[in-house]
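Chemist: For reference, the structure I am asking about is given below.
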């Protein structure tokens, strides 16, 4: 990540909006923003493979659900945050991931400029590709600051997105069971 370019760009934005980039409260802002971007965009170029490849053998194939995984990310359209909760269900095929690995999967894909729909897809596809699940179902509920702070200005509006893979695509009863277990 080119932090010098980020700092220069932030200084230009500060000046472009009519502020003095050298005043006391803004002098360190370009460096702060560059450090923040290093942190919140740390998922760029990463996949969840390293997390999901550490799995455990299991002999049954009962559904695993992890819900209320808090995340925050940046909308790639306005570079404003959106945040919420991800709910994950999957059907193992002989292997299960450690529970923290599901949260880490959400984290990897949320640490980059993102849209909610793609975040759903990336998490579900990672479960299928790297864990070898028989099915994956991901529901994300989020509030988007680009809707709350600007434009339509409707704070508190929740956007829900879903994606189903494998067995969840074809089995409505299985999806319904996942919804119930997720409390949705």
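Cβ coordinates are placed from backbone N, Cα and C, and glycine is handled just like the others.
Here Swiss-Prot flags 75, 78, 146 as Zn(2+) binding site.
Explain the structural surroundings of these features, please.
Modeler: Sequence-distant contacts of residue 75 (Zn(2+) binding site), defined by Cβ-Cβ distance under 8 angstroms and a gap of at least six in the same chain, are 81, 82, 113, 114, 115, 144, 145, 146. DSSP gives residue 75 (Zn(2+) binding site) a strand state.
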Chemist: Can you name the residues of this chain that are 6 or more positions from residue 78 (Zn(2+) binding site) yet have a C-beta less than 8 Å from its C-beta?
Modeler: 145, 146, 150
Chemist: Specify the secondary structure state of residue 146 (Zn(2+) binding site) as given by DSSP, simplified to three classes.
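Modeler: It is helical.
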